[in-house]
Amino acid sequence: MFNTNTSNISTNVYGLSQKTRALSHITAEADVNRFLVGTTALREENEIALLEAKEGEGVRCLSIFPHPKEIHSITSCPFDSSLFFSVYNTSGGGNNNSNNTNNNDNTNNNTNNNDFKSSLWRINESMDSIEELFELKGHTGIIKPILCDPSGSNNFIISLDDSNIRLWSKIDDQNEPTVIKQFGNLSKLSVGSINPNISNQLATANDVNIKGWDFRNAKETFSMDKAHSEQIRDIDFNPNKPYYLLSAGDDCKLKIWDTRQTRDPVKIFSGHNHWIWSAKFNRYHDQLIITSSSDNTVKLWNLYSLSSAFNSENNISNSNEQQHSQQPNEQQPQQPPQPVKQKKNKRNEDQLIKTYEEHEDSVYNISWSSSNFLFASLSYDGRFVVNNVPKEYSDILSYI
């Protein structure tokens, strides 16, 4: 089912012969860029590919694991590289018009007869097989991607289906977790994101709305009603600034929000000409954002004005000015006024950096890697692509 030919691994593209939509970076592997990719075949055996990307060497397949039924999402556990969750449709009655974007919507509610499940799996030490450890039971409707603690602990996970949010107990490979809290009771839940900077804070998207939650107390903490004009496909918290959240969806807009002032977004980017399926902050340089769309492209954005780099550089500048102003006057010889040269630095501009066009089908998923500037994208036709932030940006950002 897979193109396992590794004789030419200098390419940044790896082709799978089945349709795909599930992609997860293995975050527990800090020193290598490894990803799990799952297929969504309706009537054939499905598989998960373990792929590795090395700069200068391209992409290669390390192993292939059989997996039951069509895979809709994968979440690698940040506390153990051998563990991952998958969400899969056991009925096999999903959409089968692969070339029609409208029929590839994994968040619509017209699939009531489908039986979605989510299980925790373990990759064995020799990386040649996987074992199902347990199933997260009790969901109704379509299960969304499982959310793990972004701090890397195994203290809890969060799952979402079409209407409810569930907080689960500690995850390990010995004991099945239990549901600690269930809340939400919403319509058309599509995606969630855990804030890595504020304890117990979760954001969810349902239809065109965004809500914030204290998930330990099951209480709503903020709300953006009609955040988008059409369905929201992805949300993601800034990993370095506590109150900033991005959202993207079917209105082709990428929006940035301050969760303390939710009336209007603080920034809007336009550039895609069809639905945005995935949008992610860079964990190390949060001014970098990647988006993927059913216009078959991936876009890289620069959001300097709302980044932690902007705050840091302004603080340093203000500190230097204050130190200079506090020096005794006798140590400051009078100098004639000098014209200030304003050097334009494109790193400091909020703008589209680059559009990547290696895909020929809807790009459902994207993910940053363990490396600061390498990212992966996955399209429905089975094409897995790795790319880098342009050198002119990465060279500058490396010194921040």
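Cβ atoms here come from the backbone N, Cα and C positions, even for glycine.
According to Swiss-Prot, the protein has these features:
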| type | residues | note |
| --- | --- | --- |
| REGION | 95-114 | region 'Disordered' |
| COMPBIAS | 96-114 | compositional bias 'Low complexity' |
| REPEAT | 138-178 | repeat 'WD 1' |
| REPEAT | 227-267 | repeat 'WD 2' |
| REPEAT | 271-311 | repeat 'WD 3' |
| REGION | 314-348 | region 'Disordered' |
| COMPBIAS | 314-333 | compositional bias 'Low complexity' |
| REPEAT | 358-397 | repeat 'WD 4' |
For this session: Let me know the model's mean pLDDT on the repeat 'WD 1' (138-178).
Result: 95
Seminar exercise, completed: For the repeat 'WD 4' (358-397), the distant same-chain contacts (Cβ-Cβ under 8 Å, at least six residues beyond its ends) come to 12-25, 27, 29-35, 37, 39, 49, 51, 53, 55, 58-59, 98-99, 101, 104, 277-280, 282-285, 287-288, 290-294, 296-298, 300, 302, 309, 347
For this session: By DSSP assignment, list the helix, strand and coil residue numbers for the repeat 'WD 3' (271-311), in that order.
Result: 7 helix, 17 strand, 17 coil
For this session: By DSSP assignment, list the helix, strand and coil residue numbers for the repeat 'WD 1' (138-178), in that order.
Result: 0 helix, 10 strand, 31 coil
